[in-house]
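Going by TrEMBL, these are the annotated features:
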| type | residues | note |
| --- | --- | --- |
| COMPBIAS | 300-314 | compositional bias 'Polar residues' |
| COMPBIAS | 348-357 | compositional bias 'Gly residues' |
| DOMAIN | 2-79 | domain 'Fibrillar collagen NC1' |
| DOMAIN | 203-420 | domain 'ALK/LTK-like glycine-rich' |
| REGION | 300-357 | region 'Disordered' |
| REGION | 371-392 | region 'Disordered' |
(Lines of atoms letter the chains of each structure in order from A and count residues from 1; the text may use other names and numbers.)
(Lines give C-alpha, C1' and ligand atoms only; values in the text may rest on other atoms or scores of the structure.)
Protein backbone atom coordinates (compact mmCIF):
# COMPACT_ATOMS: atom_id res chain seq x y z
CA UNK A 1 0.00 0.00 0.00
CA UNK A 2 1.49 3.36 -1.05
CA UNK A 3 1.92 6.26 1.35
CA UNK A 4 -0.66 9.09 1.15
CA UNK A 5 0.29 12.05 -1.00
CA UNK A 6 2.35 14.60 0.95
CA UNK A 7 2.91 12.32 3.95
CA UNK A 8 6.62 11.75 3.23
CA UNK A 9 9.25 13.99 1.59
CA UNK A 10 9.75 11.41 -1.15
CA UNK A 11 6.10 11.83 -2.21
CA UNK A 12 5.41 15.59 -2.07
CA UNK A 13 2.30 17.27 -3.45
CA UNK A 14 2.26 20.47 -5.49
CA UNK A 15 -0.29 22.10 -3.15
CA UNK A 16 -2.59 21.51 -0.19
CA UNK A 17 -5.48 21.54 -2.66
CA UNK A 18 -3.90 18.64 -4.55
CA UNK A 19 -3.66 16.62 -1.33
CA UNK A 20 -7.30 17.32 -0.51
CA UNK A 21 -8.40 16.32 -4.01
CA UNK A 22 -6.35 13.14 -3.85
CA UNK A 23 -7.18 11.98 -0.34
CA UNK A 24 -10.80 13.13 -0.01
CA UNK A 25 -12.83 15.63 1.98
CA UNK A 26 -12.19 14.03 5.37
CA UNK A 27 -8.43 14.52 5.34
CA UNK A 28 -7.21 16.29 8.47
CA UNK A 29 -5.44 19.63 8.69
CA UNK A 30 -1.81 18.86 9.43
CA UNK A 31 1.76 19.28 8.22
CA UNK A 32 2.42 17.91 4.73
CA UNK A 33 5.34 17.78 2.33
CA UNK A 34 5.01 20.11 -0.68
CA UNK A 35 7.21 20.80 -3.69
CA UNK A 36 5.34 23.73 -5.25
CA UNK A 37 7.94 24.67 -7.83
CA UNK A 38 8.73 21.11 -8.91
CA UNK A 39 12.42 21.49 -8.11
CA UNK A 40 12.67 18.29 -6.09
CA UNK A 41 13.12 20.22 -2.83
CA UNK A 42 10.17 19.35 -0.61
CA UNK A 43 9.31 21.52 2.39
CA UNK A 44 7.12 20.74 5.38
CA UNK A 45 4.07 23.04 5.44
CA UNK A 46 0.91 23.22 7.53
CA UNK A 47 -2.24 22.74 5.40
CA UNK A 48 -5.59 23.97 6.69
CA UNK A 49 -7.95 21.61 4.89
CA UNK A 50 -11.02 23.49 6.13
CA UNK A 51 -10.08 26.71 4.35
CA UNK A 52 -11.23 27.67 0.85
CA UNK A 53 -10.03 30.61 -1.22
CA UNK A 54 -7.14 32.96 -1.84
CA UNK A 55 -4.86 34.79 0.58
CA UNK A 56 -4.28 31.94 3.03
CA UNK A 57 -2.10 33.06 5.94
CA UNK A 58 0.62 30.64 6.99
CA UNK A 59 3.13 30.63 9.79
CA UNK A 60 6.81 29.93 9.42
CA UNK A 61 10.30 31.33 9.38
CA UNK A 62 11.02 34.39 7.27
CA UNK A 63 14.56 35.26 6.28
CA UNK A 64 15.61 38.59 4.81
CA UNK A 65 14.84 37.22 1.35
CA UNK A 66 12.45 34.38 0.62
CA UNK A 67 10.68 32.74 -2.26
CA UNK A 68 6.94 32.23 -2.02
CA UNK A 69 4.07 31.16 -4.24
CA UNK A 70 0.51 32.31 -4.86
CA UNK A 71 -2.15 30.06 -6.37
CA UNK A 72 -3.98 31.13 -9.50
CA UNK A 73 -7.73 31.58 -9.12
CA UNK A 74 -9.95 30.00 -11.75
CA UNK A 75 -12.29 32.98 -11.67
CA UNK A 76 -9.99 35.94 -12.33
CA UNK A 77 -12.80 38.46 -12.77
CA UNK A 78 -13.24 38.88 -9.01
CA UNK A 79 -9.63 40.08 -8.72
CA UNK A 80 -9.57 42.47 -11.71
CA UNK A 81 -9.68 45.59 -9.58
CA UNK A 82 -6.85 44.53 -7.29
CA UNK A 83 -3.86 45.33 -9.51
CA UNK A 84 -3.62 46.88 -12.95
CA UNK A 85 -1.81 45.18 -15.81
CA UNK A 86 0.95 47.74 -15.42
CA UNK A 87 1.33 46.90 -11.74
CA UNK A 88 1.58 43.22 -12.54
CA UNK A 89 4.58 43.77 -14.79
CA UNK A 90 6.81 46.04 -12.77
CA UNK A 91 8.41 46.21 -9.39
CA UNK A 92 5.78 47.08 -6.83
CA UNK A 93 6.84 49.70 -4.28
CA UNK A 94 5.29 49.81 -0.78
CA UNK A 95 1.82 50.10 -2.31
CA UNK A 96 1.18 46.45 -1.45
CA UNK A 97 0.28 46.62 2.22
CA UNK A 98 0.26 43.71 4.62
CA UNK A 99 -2.40 43.69 7.34
CA UNK A 100 0.09 42.21 9.79
CA UNK A 101 3.79 42.88 10.19
CA UNK A 102 6.41 40.60 8.75
CA UNK A 103 8.61 39.25 11.51
CA UNK A 104 12.22 38.91 10.43
CA UNK A 105 13.27 36.86 13.44
CA UNK A 106 13.53 33.20 14.32
CA UNK A 107 10.15 31.57 14.71
CA UNK A 108 6.68 32.01 13.35
CA UNK A 109 5.62 34.81 11.05
CA UNK A 110 2.42 36.02 9.49
CA UNK A 111 2.45 37.13 5.86
CA UNK A 112 -0.73 37.83 3.91
CA UNK A 113 -0.63 37.02 0.19
CA UNK A 114 -1.13 39.93 -2.22
CA UNK A 115 -3.90 39.24 -4.73
CA UNK A 116 -1.71 38.77 -7.78
CA UNK A 117 -3.17 36.61 -10.53
CA UNK A 118 -0.77 36.82 -13.44
CA UNK A 119 1.68 34.04 -14.16
CA UNK A 120 4.80 36.18 -13.97
CA UNK A 121 7.35 36.65 -11.21
CA UNK A 122 7.22 39.99 -9.43
CA UNK A 123 9.87 41.35 -7.10
CA UNK A 124 8.42 43.41 -4.26
CA UNK A 125 10.56 45.82 -2.24
CA UNK A 126 9.03 46.97 1.04
CA UNK A 127 10.32 50.04 2.82
CA UNK A 128 9.78 50.32 6.56
CA UNK A 129 9.75 54.12 6.55
CA UNK A 130 7.07 54.48 3.87
CA UNK A 131 5.02 51.46 4.87
CA UNK A 132 4.24 51.41 8.59
CA UNK A 133 2.29 48.17 8.24
CA UNK A 134 5.45 46.23 7.45
CA UNK A 135 8.25 45.66 9.94
CA UNK A 136 11.45 44.64 8.18
CA UNK A 137 15.13 44.96 8.84
CA UNK A 138 16.79 47.69 6.76
CA UNK A 139 17.27 46.76 3.10
CA UNK A 140 15.33 43.50 3.49
CA UNK A 141 13.27 42.29 0.56
CA UNK A 142 10.61 39.73 -0.14
CA UNK A 143 11.05 38.41 -3.64
CA UNK A 144 9.59 36.15 -6.33
CA UNK A 145 5.87 35.97 -5.80
CA UNK A 146 4.89 33.30 -8.29
CA UNK A 147 1.29 32.56 -9.16
CA UNK A 148 0.98 28.92 -8.12
CA UNK A 149 -0.74 28.54 -4.77
CA UNK A 150 -3.49 30.10 -2.73
CA UNK A 151 -1.30 30.95 0.19
CA UNK A 152 2.08 32.41 0.86
CA UNK A 153 4.25 30.05 2.84
CA UNK A 154 7.80 29.88 4.06
CA UNK A 155 9.94 27.18 5.60
CA UNK A 156 8.28 26.00 8.81
CA UNK A 157 10.25 26.63 11.98
CA UNK A 158 8.69 27.10 15.42
CA UNK A 159 9.61 29.73 18.01
CA UNK A 160 10.57 28.23 21.37
CA UNK A 161 12.31 30.22 24.09
CA UNK A 162 13.80 28.47 27.13
CA UNK A 163 14.44 30.73 30.12
CA UNK A 164 16.88 29.41 32.73
CA UNK A 165 18.52 30.57 35.95
CA UNK A 166 21.37 31.97 33.78
CA UNK A 167 23.94 30.01 35.75
CA UNK A 168 23.03 31.60 39.07
CA UNK A 169 22.26 29.80 42.35
CA UNK A 170 21.53 30.84 45.91
CA UNK A 171 19.27 33.46 47.43
CA UNK A 172 19.74 36.13 44.74
CA UNK A 173 18.94 36.05 41.05
CA UNK A 174 21.16 36.66 38.01
CA UNK A 175 22.58 40.04 37.05
CA UNK A 176 23.09 39.63 33.30
CA UNK A 177 21.92 37.49 30.40
CA UNK A 178 25.47 37.19 29.12
CA UNK A 179 25.81 34.64 26.33
CA UNK A 180 23.31 32.17 27.76
CA UNK A 181 20.71 32.79 25.02
CA UNK A 182 23.08 33.46 22.13
CA UNK A 183 21.85 31.78 18.96
CA UNK A 184 18.50 30.86 20.53
CA UNK A 185 15.06 32.04 19.43
CA UNK A 186 14.92 34.76 22.11
CA UNK A 187 18.44 36.02 21.52
CA UNK A 188 18.39 39.81 21.92
CA UNK A 189 14.88 39.89 23.40
CA UNK A 190 15.80 39.57 27.11
CA UNK A 191 17.29 41.87 29.73
CA UNK A 192 17.68 41.40 33.49
CA UNK A 193 16.53 43.69 36.29
CA UNK A 194 17.16 42.74 39.95
CA UNK A 195 17.27 39.05 39.09
CA UNK A 196 14.06 39.06 37.04
CA UNK A 197 14.27 38.56 33.28
CA UNK A 198 12.37 41.03 31.09
CA UNK A 199 11.26 39.49 27.80
CA UNK A 200 9.91 41.63 24.96
CA UNK A 201 7.19 39.71 23.11
CA UNK A 202 8.26 39.55 19.45
CA UNK A 203 4.87 38.95 17.85
CA UNK A 204 1.18 39.10 18.74
CA UNK A 205 -0.40 35.68 19.05
CA UNK A 206 -1.11 32.69 21.25
CA UNK A 207 1.76 31.22 23.24
CA UNK A 208 2.14 28.05 25.29
CA UNK A 209 3.93 28.82 28.56
CA UNK A 210 5.42 26.08 30.73
CA UNK A 211 6.77 26.98 34.17
CA UNK A 212 8.73 24.68 36.45
CA UNK A 213 9.39 25.47 40.11
CA UNK A 214 12.75 24.73 41.74
CA UNK A 215 13.30 21.79 44.06
CA UNK A 216 13.96 22.29 47.76
CA UNK A 217 17.24 21.63 49.50
CA UNK A 218 17.81 18.40 51.38
CA UNK A 219 19.70 17.51 54.53
CA UNK A 220 22.65 15.16 54.52
CA UNK A 221 20.65 12.38 56.15
CA UNK A 222 17.86 12.68 53.56
CA UNK A 223 17.57 10.33 50.62
CA UNK A 224 17.95 12.74 47.68
CA UNK A 225 14.88 11.43 45.87
CA UNK A 226 12.74 12.50 48.83
CA UNK A 227 13.52 16.22 48.58
CA UNK A 228 10.63 18.65 48.04
CA UNK A 229 9.71 18.72 44.35
CA UNK A 230 8.79 21.75 42.24
CA UNK A 231 5.52 21.96 40.30
CA UNK A 232 5.09 22.15 36.53
CA UNK A 233 2.28 24.35 35.20
CA UNK A 234 1.34 24.73 31.52
CA UNK A 235 -1.19 27.04 29.88
CA UNK A 236 -1.90 28.98 26.69
CA UNK A 237 -1.95 32.79 26.66
CA UNK A 238 -2.55 35.61 24.19
CA UNK A 239 0.40 38.01 24.21
CA UNK A 240 0.86 41.28 22.36
CA UNK A 241 3.88 42.35 20.34
CA UNK A 242 6.30 44.57 22.29
CA UNK A 243 4.70 44.02 25.69
CA UNK A 244 7.15 43.20 28.48
CA UNK A 245 6.74 39.89 30.31
CA UNK A 246 8.60 39.49 33.61
CA UNK A 247 10.07 36.07 34.22
CA UNK A 248 11.57 35.03 37.55
CA UNK A 249 13.14 31.58 37.33
CA UNK A 250 13.24 29.87 40.72
CA UNK A 251 16.55 28.59 42.07
CA UNK A 252 16.87 25.41 44.09
CA UNK A 253 17.18 25.45 47.86
CA UNK A 254 20.62 24.59 49.17
CA UNK A 255 22.08 22.75 52.15
CA UNK A 256 24.12 24.46 54.84
CA UNK A 257 27.86 23.89 54.84
CA UNK A 258 27.99 23.90 58.65
CA UNK A 259 24.73 22.25 59.64
CA UNK A 260 24.28 19.03 57.73
CA UNK A 261 20.49 18.83 57.86
CA UNK A 262 19.62 22.51 57.45
CA UNK A 263 18.08 23.03 53.99
CA UNK A 264 16.36 25.98 52.33
CA UNK A 265 13.15 25.91 50.33
CA UNK A 266 13.15 26.03 46.53
CA UNK A 267 12.13 29.17 44.69
CA UNK A 268 8.90 29.49 42.77
CA UNK A 269 8.97 30.34 39.06
CA UNK A 270 6.85 33.34 38.02
CA UNK A 271 5.62 34.66 34.66
CA UNK A 272 3.95 38.04 35.12
CA UNK A 273 2.57 40.80 32.89
CA UNK A 274 3.98 44.30 33.21
CA UNK A 275 1.05 45.51 35.32
CA UNK A 276 1.83 42.91 38.03
CA UNK A 277 -0.82 40.58 36.69
CA UNK A 278 0.32 36.97 37.22
CA UNK A 279 -0.09 34.70 34.21
CA UNK A 280 1.33 31.43 35.46
CA UNK A 281 3.38 30.45 38.53
CA UNK A 282 4.90 27.11 39.55
CA UNK A 283 5.59 26.57 43.24
CA UNK A 284 8.98 25.47 44.57
CA UNK A 285 9.55 22.43 46.76
CA UNK A 286 10.10 22.66 50.51
CA UNK A 287 13.44 22.05 52.20
CA UNK A 288 13.78 18.60 53.76
CA UNK A 289 15.61 17.31 56.88
CA UNK A 290 16.13 13.68 57.90
CA UNK A 291 13.52 12.32 55.48
CA UNK A 292 13.75 8.67 54.53
CA UNK A 293 10.52 8.57 52.54
CA UNK A 294 8.46 10.90 50.37
CA UNK A 295 5.76 13.10 51.90
CA UNK A 296 3.36 15.07 49.74
CA UNK A 297 3.36 18.12 52.01
CA UNK A 298 7.01 18.76 51.11
CA UNK A 299 6.16 19.07 47.41
CA UNK A 300 4.77 22.11 45.65
CA UNK A 301 1.01 22.33 45.21
CA UNK A 302 -0.85 22.87 41.94
CA UNK A 303 -3.44 24.81 43.93
CA UNK A 304 -3.00 28.45 44.89
CA UNK A 305 -2.54 27.57 48.57
CA UNK A 306 0.90 26.48 49.77
CA UNK A 307 1.48 23.21 51.60
CA UNK A 308 2.14 22.84 55.33
CA UNK A 309 5.05 20.41 55.12
CA UNK A 310 5.43 17.27 57.24
CA UNK A 311 5.10 17.08 61.03
CA UNK A 312 3.72 20.61 60.92
CA UNK A 313 1.22 22.19 63.34
CA UNK A 314 -0.46 23.87 60.35
CA UNK A 315 -3.11 22.55 58.02
CA UNK A 316 -1.76 24.48 55.04
CA UNK A 317 0.79 27.04 53.98
CA UNK A 318 0.09 30.59 52.87
CA UNK A 319 -3.05 31.43 50.89
CA UNK A 320 -4.41 34.10 48.54
CA UNK A 321 -0.96 34.90 47.20
CA UNK A 322 0.64 35.53 50.59
CA UNK A 323 3.75 34.12 52.21
CA UNK A 324 3.88 30.98 54.34
CA UNK A 325 3.69 31.08 58.12
CA UNK A 326 6.10 29.67 60.73
CA UNK A 327 5.78 27.84 64.03
CA UNK A 328 7.57 30.43 66.13
CA UNK A 329 10.01 30.63 67.82
CA UNK A 330 11.88 27.63 66.42
CA UNK A 331 11.17 26.95 62.76
CA UNK A 332 12.41 27.45 59.27
CA UNK A 333 11.39 30.51 57.29
CA UNK A 334 8.13 30.56 55.37
CA UNK A 335 8.19 30.65 51.59
CA UNK A 336 7.45 33.94 49.86
CA UNK A 337 4.20 34.40 47.96
CA UNK A 338 3.26 36.67 45.08
CA UNK A 339 2.05 39.59 47.21
CA UNK A 340 3.87 39.20 50.53
CA UNK A 341 6.94 37.74 52.19
CA UNK A 342 7.15 34.51 54.14
CA UNK A 343 7.24 34.80 57.92
CA UNK A 344 10.55 34.79 59.78
CA UNK A 345 11.36 32.53 62.66
CA UNK A 346 11.03 34.55 65.89
CA UNK A 347 14.80 34.74 66.30
CA UNK A 348 16.15 34.73 62.77
CA UNK A 349 19.73 35.58 63.70
CA UNK A 350 20.53 31.95 63.06
CA UNK A 351 18.62 31.80 59.81
CA UNK A 352 14.96 30.95 59.44
CA UNK A 353 14.28 34.09 57.39
CA UNK A 354 11.19 34.09 55.23
CA UNK A 355 11.59 34.31 51.47
CA UNK A 356 10.67 37.60 49.81
CA UNK A 357 7.45 37.79 47.81
CA UNK A 358 7.56 38.37 44.05
CA UNK A 359 6.52 42.01 44.41
CA UNK A 360 9.37 42.50 46.90
CA UNK A 361 11.97 41.03 44.53
CA UNK A 362 11.81 37.30 45.32
CA UNK A 363 15.09 37.00 47.24
CA UNK A 364 15.47 33.70 49.09
CA UNK A 365 15.60 33.70 52.88
CA UNK A 366 18.69 33.12 55.00
CA UNK A 367 19.94 30.52 55.16
CA UNK A 368 20.02 28.82 51.76
CA UNK A 369 16.55 29.64 50.50
CA UNK A 370 16.41 29.65 46.69
CA UNK A 371 15.75 32.83 44.70
CA UNK A 372 12.03 32.95 44.00
CA UNK A 373 10.91 33.21 47.62
CA UNK A 374 12.43 30.03 49.06
CA UNK A 375 12.32 30.15 52.87
CA UNK A 376 15.62 30.00 54.75
CA UNK A 377 16.65 27.11 56.97
CA UNK A 378 17.29 27.71 60.66
CA UNK A 379 20.77 26.56 61.60
CA UNK A 380 19.99 25.98 65.27
CA UNK A 381 17.99 22.79 65.25
CA UNK A 382 18.67 22.28 61.53
CA UNK A 383 15.11 23.20 60.52
CA UNK A 384 14.17 23.48 56.81
CA UNK A 385 12.47 26.36 54.99
CA UNK A 386 9.27 26.48 52.93
CA UNK A 387 9.05 26.73 49.14
CA UNK A 388 8.22 29.94 47.30
CA UNK A 389 5.28 30.27 44.93
CA UNK A 390 1.99 32.06 44.36
CA UNK A 391 1.40 31.38 48.07
CA UNK A 392 4.39 30.32 50.15
CA UNK A 393 4.83 27.00 51.91
CA UNK A 394 5.04 26.90 55.70
CA UNK A 395 8.43 26.89 57.40
CA UNK A 396 9.52 23.49 58.67
CA UNK A 397 8.84 22.52 62.27
CA UNK A 398 11.49 21.82 64.92
CA UNK A 399 10.98 18.07 64.77
CA UNK A 400 12.78 15.05 63.40
CA UNK A 401 11.60 13.86 59.98
CA UNK A 402 10.35 17.28 58.96
CA UNK A 403 10.19 19.47 55.88
CA UNK A 404 9.04 22.90 54.85
CA UNK A 405 5.84 23.04 52.84
CA UNK A 406 5.95 23.31 49.07
CA UNK A 407 4.78 26.57 47.51
CA UNK A 408 1.40 27.08 45.86
CA UNK A 409 0.92 27.60 42.12
CA UNK A 410 -1.25 29.66 39.78
CA UNK A 411 -2.46 29.20 36.21
CA UNK A 412 -4.64 31.69 34.37
CA UNK A 413 -4.21 30.05 30.97
CA UNK A 414 -6.32 27.84 28.75
CA UNK A 415 -5.58 24.18 27.89
CA UNK A 416 -4.00 23.71 31.29
CA UNK A 417 -1.69 20.87 32.27
CA UNK A 418 -0.66 20.98 35.92
CA UNK A 419 1.64 18.60 37.79
CA UNK A 420 2.56 18.95 41.45
CA UNK A 421 5.72 16.88 41.74
CA UNK A 422 7.74 17.34 38.58
CA UNK A 423 11.15 18.81 39.42
CA UNK A 424 12.96 16.33 41.63
CA UNK A 425 16.36 18.03 41.63
CA UNK A 426 17.40 21.36 40.22
CA UNK A 427 16.55 24.92 39.32
CA UNK A 428 13.31 26.09 37.74
CA UNK A 429 12.70 26.84 34.08
CA UNK A 430 10.28 28.58 31.72
CA UNK A 431 9.57 27.36 28.19
CA UNK A 432 7.54 29.61 25.87
CA UNK A 433 6.34 28.36 22.48
CA UNK A 434 4.55 30.44 19.85
CA UNK A 435 1.44 28.59 18.63
CA UNK A 436 -0.22 30.89 16.09
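Note: Cβ is positioned from N, Cα and C throughout, glycine not excepted.
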So if I exclude everything within five residues of the ends of the region 'Disordered' (371-392), which remaining residues of that chain have a CB under 8 angstroms from its CBs? That is, six or more out.
165, 168, 170-173, 195, 213-214, 216-217, 219, 228, 230-231, 248-251, 253, 256, 258-270, 278, 281-289, 300-301, 304-307, 309, 317-324, 330-338, 341-342, 345, 348, 350-358, 362-365, 398, 402-410, 428
Within the compositional bias 'Polar residues' (300-314), how many residues are helix, strand or coil going by DSSP?
0 helix, 1 strand, 14 coil
For the compositional bias 'Gly residues' (348-357), give the DSSP counts of helix residues, strand residues and coil residues.
3 helix, 1 strand, 6 coil
Could you give me three numbers for the region 'Disordered' (371-392), the DSSP helix, strand and coil residue counts?
0 helix, 2 strand, 20 coil
